[in-house]
Amino acid sequence: MRAKLLGIVLTTPIAISSFASTETLSFTPDNINADISLGTLSGKTKERVYLAEEGGRKVSQLDWKFNNAAIIKGAINWDLMPQISIGAAGWTTLGSRGGNMVDQDWMDSSNPGTWTDESRHPDTQLNYANEFDLNIKGWLLNEPNYRLGLMAGYQESRYSFTARGGSYIYSSEEGFRDDIGSFPNGERAIGYKQRFKMPYIGLTGSYRYEDFELGGTFKYSGWVEASDNDEHYDPGKRITYRSKVKDQNYYSVSVNAGYYVTPNAKVYVEGTWNRVTNKKGNTSLYDHNDNTSDYSKNGAGIENYNFITTAGLKYTF
């Protein structure tokens, strides 16, 4: 059923565009535009652990935060026909960026609202992040000064982090928050990677007045497939956790404003907000010290939200 639904979603722009105008479709291979921009990426990504044997309550959460990572972003769009456009876009970080990670556990089932263990890692790096997007648009309105259309596409994004050093407050079996200390500076504590794969649908449009232009895009997916990999490097607790979550929700809103410095060239600024909401999924672990493994259904949660700001140049050939 989901495969049939997805097929309908992906063909929607083509079907609508074929009925949106009574004019004959014409092939316009020369109508291509490309843009390039520089900007920053900020946000937070979260991983959660749940215990099914305790009613699925949350027992652990790691928050990975990053701010103002430099990125380069680009896109190319081809108006294949007046009613149909295809495009490709993507961005990548230009280098690693400092961040912060907080790891909290709630191990006391009799007091589930109070954390028992916490570690803080201000020496955290966003190693890299990137994204690519392939899409097709069907234009319901396509006039020289305004456009409005439906879109569908496929998008993937990746994030990688490493936390080093830091401090901790743990609870022993006999006490509560009674074990306080720090990790060696520069020593790897945890490495974490997230990946999101999603087909999506959306709405996009723009409006031009003289040399000024405003545009916006909304995207939604209910078919996100998220996966992650968590490496605990502590020699006494060398464990790899892997999780997979299906059918998460994704929302994205993008707004841009630009000015045409020539008939074909536009400078612009843009802001984009993205969010993948939390949902439970399956997780597995492998203990490297004693060579044992375990699997838990609905034992993990994955979440991500970020904000991108860019400034760039768009040129129509």
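Yeah, the Cβs are placed from backbone N, Cα and C, and that goes for glycine too.
Judged by Swiss-Prot topology annotation, G55 lies across the membrane from L80. Between the transmembrane segment (146-156) and the transmembrane segment (32-41), the number of CB pairs under 8 angstroms, six or more residues apart, is fewer than three, so the stretches are not in contact. Just so you know, the Cβ of D105 (active site) picks up 18 other Cβ atoms within 10 Å once every protein chain is counted. There are 19 other Cβ atoms within 10 Å of the Cβ belonging to H232 (active site).
The CA atom of H232 (active site) is located 12 Å away from the CA atom of D103 (active site). Remote same-chain residues near the topological domain 'Extracellular' (222-250) are listed as 2, 6, 47, 62, 187-200, 274-289, 299-302, 304 (criterion: CB distance under 8 Å, separation of at least six residues from the stretch ends).
Counting in whole angstrom, D230 (active site) lies 16 from D105 (active site) by their C-alpha atoms. Away from its own ends, the transmembrane segment (84-92) comes close to residues 13-14, 17, 25, 41, 71-78, 128-139, 149, 308 of its chain (Cβ-Cβ under 8 Å, at least six residues beyond either end).
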